[in-house]
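Working notes, beginning with the structure itself.
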Amino acid sequence: MIYQSPTIQVELLEDNIAKLCFNAPGSVNKFDRETLASLDAALDSIKQQSNIQALVLTSGKDTFIVGADITEFLGLFAQDDAVLLSWVEQANAVFNKLEDLPFPTASAIKGFALGGGCETILATDFRIADTTAKIGLPETKLGIIPGFGGTVRLPRVIGADNALEWITTGKDQRPEDALKVGAVDAVVAPEALEAAAIQMLKDAVAEKLDWQARRHRKMSPLTLPKLEAMMSFTTAKGMVFAVAGKHYPAPMAAVSVVEQAATKGRSDALQIEHQAFIKLAKTDVAKALIGIFLNDQLVKGKAKKAGKLAKDVKSAAVLGAGIMGGGIAYQSASKGTPIVMKDIAQPALDLGLGEAAKLLSAQVARGRSTPEKMAKVLNNITPALDYAPVNHADVVVEAVVEHPKVKAQVLAEVEQYVSEDAIIASNTSTISINLLAKSMKKPERFCGMHFFNPVHKMPLVEVIRGEHSSEETIASVVAYASKMGKTPIVVNDCPGFFVNRVLFPYFAGFNGLLAEGGDFAAIDKVMEKQFGWPMGPAYLLDVVGLDTGHHAQAVMAEGFPDRMGKSGNDAIDVMFENKRLGQKNGKGFYAYSVDSRGKPKKDVDPTSYELLKAAFGEQKAFDADEIIARTMIPMIIETVRCLEEGIVASPAEADMGLVYGLGFPPFRGGVFRYLDTMGVANFVALADKYAHLGGLYQVTDAMRALAANNGSYYQA
């Protein structure tokens with residue numbers, strides 16, 4: 001053994017080829033400070049051996065290296081620029097040391113080689129992947145750029161255009177795609193991986209492969225004619241900005257770094273990368289996006305822990321077909337859990353099966369599935385007009401019409417047909433789980449399971465704990481949601497649960513602006529373009545449906561009359577009473593039609609303005625700051641109330657619920673990250689300016705105390 005540490009082992013194989021194996025404790029390899037230090041020491045040990053002729057990098061795990069240890073980032077990025085620069089330079093010195101070894105090097109890549117893992121393989125002369133490999137630089141998704149030489153080496157290996165696509169999108173690349181552009185030199189079967197890498201090194205030692213020319217090219221300026229370079233980078237900037245927009249600076253910074261470094265050798269090019277990396281690491285956007293990644297890990301960790309308590313869900317059932325039932329059935333069946341779809345009407349079953357078939361056909365058309373896989377998924381969905389096939393289900397999801405009496409009747413019925421230990425969940429968006437539980441003989445096996453529409457696209461599922469729900473029930477539904485490919489958060493029962501409870505105060509703020517003559521299209525523009533929501537409030541209400549919004553608003557007003565009660569008609573009432581239901585009937589705040597390509601088209605509708613003018617008088621202009629304040633303050637305060645009341649367990653889970661359930665702008669990180677970035681004291685001062693507007697604008701005592709102590713909701 002040449003070198004050994006808890007994360008890396010180096011041994012000498014036949015023909016004087018050394019093998020460096022990444023094999024950290026735990027399930028995956030990642031670049032934390034300990035592993036970087038071990039790699040540095042391992043390379044020093046290798047350099048001291050006079051007989052080594054080549055080096056192969058391997059992994060003792062199912063994956064190569066998943067990337068840097070992101071849990072270290074927020075603490076590290078909070079350091080002074082000088083400390084951060086020192087860390088980046090020391091890390092890069094290790095990768096340079098690997099690249100400068102006086103003999104050929106190769107990486108044998110299996111599973112993920114992402115971020116720092118990808119930058120490791122780029123520092124070697126040859127790269128051989130097996131068929132399980134996924135290679136990529138996802139750093140821009142975290143608001144930063146690669147910091148271990150990725151922006152320097154990748155363009156010199158696969159060309160600037162290909163490298164910019166990899167870096168700015170942050171997507172994982174399949175081995176065959178990596179081979180096409182030259183990121184890897186061969187793709188082999190998993191069992192042949194190490195032997196293929198060693199053979200390539202033997203060929204390099206025997207001078208059949210020119211490893212020195214390859215290395216020289218990686219360390220030199222890019223070979224791009226000046227005019228071609230100018231055109232390439234100008235085009236890239238336009239394309240990248242069109243996708244990333246002004247709120248996500250990292251992709252544009254990556255283009256700029258690659259462009260500036262194009263004419264430089266390795267040392268100067270790396271300095272350009274270092275400076276851009278540090279600048280981005282200090283941004284609020286990076287903090288927010290890294291925070292989302294860490295929050296996602298926390299939520300997934302909780303779901304994994306729940307799996308230990310959970311009942312194994314081998315089969316499921318959904319009661320109520322149609323679009324929602326069909327979406328749930330599709331999601332369950334496509335992720336491998338067979339499901340019975342039960343309804344009282346054949347046309348509804350046909351609609352549900354049609355919805356599943358439509359989603360699957362779209363996947364086949366895009367090349368993401370095959371007709372054989374489509375048939376298998378559809379065979380996993382069993383339509384039924386009676387309860388007989390439901391009796392074998394481990395979990396039953398009730399998804400009938402959103403009416404308490406109808407739901408209570410269906411829940412009482414199904415309980416008679418299912419097994420004693422079957423779990424029953426209601427896909428309700430507003431009706432109290434404790435209220436529905438009263439219709440059941442065994443309320444301990446009942447909880448809420450709130451999917452968001454469209455089911456196949458929306459990642460969040462709210463699992464609602466009623467006062468009688470057992471831990472096994474909650475754990476089993478969390479595990480089932482995870483198995484369906486969803487991100488579950490557990491919330492306690494209250495009107496609107498978590499997501500709708502915090503959404504409707506936002507709509508109330510919007511209604512307040514319209515009641516004073518605000519222009520809904522102007523408000524949407526501010527909330528989309530400046531705050532960063534995917535849809536402004538008027539457009540979102542049209543998509544949700546004004547009938548749904550009207551009903552949910554009444555539920556919230558009844559549940560929280562002091563804050564959400566109404567004294568008269570608002571804009572939602574005006575639209576609903578005039579049968580303007582939104583996209584579903586082609587007219588809401590906006591008018592909807594289909595363009596020449598068959599795609600939905602949204603237009604401002606003069607009729608909406610006439611109706612609002614008749615109800616609320618002449619239009620009045622509001623500036624962007626006031627629009628943002630009056631819509632967001634109620635949502636933020638209600639989110640804080642949910643945390644204080646224990647409706648949601650942590651700031652992390654609340655923020656993930658907002659990002660995944662409502663599309664809260666990821667670059668802002670969620671309500672609690674937004675509050676910490678703004679400063680709780682600054683927010684309290686802003687809210688106090690609008691406190692005269694009512695209870696929704698009045699901060700809690702605990703918020704005021706936190707502000708007085710200069711506190712924050714996150715520790716980092």
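Yeah, the Cβs are placed from backbone N, Cα and C, and that goes for glycine too.
Quick caveat, the model's predicted, so the values are computed rather than measured.
In the structure as shown, the Cβ atom of H450 (active site, for 3-hydroxyacyl-CoA dehydrogenase activity) sits within 10 Å of 23 other Cβ atoms. According to DSSP, H450 (active site, for 3-hydroxyacyl-CoA dehydrogenase activity) sits within a strand segment. According to Swiss-Prot, the active site, for 3-hydroxyacyl-CoA dehydrogenase activity annotation covers H450.
Annotation source Swiss-Prot lists substrate binding site at D296, N500, Y660, citing sequence analysis. Here the Cβ of N500 (substrate binding site) has 21 other Cβ atoms within 10 Å, regardless of which shown protein chain they belong to.
The NAD(+) binding site annotation in Swiss-Prot covers M324, D343, V400, V401, E402, K407, S429, N453. Cβ environment of E402 (NAD(+) binding site): T428, S429, T430, I431, T548, H551 lie under 8 Å away, each six or more residues apart in the same chain.
What Swiss-Prot lists as region 'Enoyl-CoA hydratase/isomerase' is 1-189, and the listing cites sequence analysis.
The region '3-hydroxyacyl-CoA dehydrogenase' annotation in Swiss-Prot covers 311-716, and the record cites sequence analysis as its basis.
For E119 (site 'Important for catalytic activity'), the same-chain residues lying six or more positions away in sequence with a CB closer than 8 A to its CB are F95, L137, P146, F148, G149, G150, R153. Feature annotation from Swiss-Prot assigns site 'Important for catalytic activity' to E119 (among others); the stated evidence is sequence analysis.
Per Swiss-Prot, the feature site 'Important for catalytic activity' maps to E139 (among others). In the three-state DSSP classification, E139 (site 'Important for catalytic activity') falls within a helix.
Considering only the recorded positions E139, D296, H450, N500, Y660, the residue whose Cα is spatially closest to the Cα of M324 (NAD(+) binding site) is H450. Comparing Cα positions, D343 (NAD(+) binding site) lies closest to H450 out of the recorded positions E139, D296, H450, N500, Y660. Here N500 (substrate binding site) is positioned 13 angstrom away from N453 (NAD(+) binding site), judged by their C-alpha atoms. It is 11 Å from the Cα atom of H450 (active site, for 3-hydroxyacyl-CoA dehydrogenase activity) to that of N500 (substrate binding site). Counting every protein chain shown, the Cβ of D296 (substrate binding site) has 17 other Cβ atoms within 10 Å.
Of all Cβ atoms in the shown protein chains, 24 besides its own fall within 10 Å of the Cβ of Y660 (substrate binding site). Cβ neighbour count within 10 Å across all protein chains ranks E139 highest among the recorded positions E139, D343.
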